């Protein structure tokens, strides 16, 4: 297994514009930035604690009334699961173990994926690298809504519905826009996740399973933290495809708000982007 590492498992020089040009200019002026291009070992322990926290929550909600299960999923579980998707984003950039241990990052991403309930980590890695290489390119960058989405969801009410259903669009858009052959790691990710879900249902019951899945669906849809999906790359000013946010929600999102900085230097962990 260790020898079957694809090029997608490694970080290399990205070709997205204007970030590639700015990267060269910034490094020429501030070469000391290269010292920040190293993994963040604290990320490992933070993610382990997040997984354990959700496991404890699964146990707590198993005997609650349904209204409290859904309330807990939105008020608490959604924050953890949304944050976990951004932890997986960090892992996709090999921020946990570094480029020299690329496969360690892939396995750890599957572990971080468990409380989300839906197999996500490996596929996200594959498509996210395209997002960096071909930022905003139609038919390649699946982070960008399709022409149909822009055409149909054009009123305030329809946009409201789109925000609620955003996790579904994000999940299924790649299958229609830029489908890729399934890899053995995606199969392992899926088998591990389905097995985990079955175990949660068997040992803790349906309420814990619903809490887990609802936390992901609600946390990635109509939720305050989800504002970064719209803020990052929707072109509010012509010629500017990336925007940054420097507010307190970065504490829950591994500094993903520092998005210009992230695209300028995708191999710097979120912890160091403010620097």
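Quick reminder: no glycine exception, Cβ is built from N, Cα and C everywhere.
On a predicted model such as this, the values are computed, not experimentally measured, just so you know.
Looking up the ranges 68-92, 243-267 in TrEMBL, the one annotated as transmembrane segment turns out to be 68-92. Annotated range for transmembrane segment in TrEMBL, selecting from 104-122, 123-141: 104-122. The recorded stretches the transmembrane segment (68-92) and the transmembrane segment (150-172) do not share 3+ CB pairs below 8 A when only pairs 6 or more apart in sequence are counted, and are therefore not in contact.
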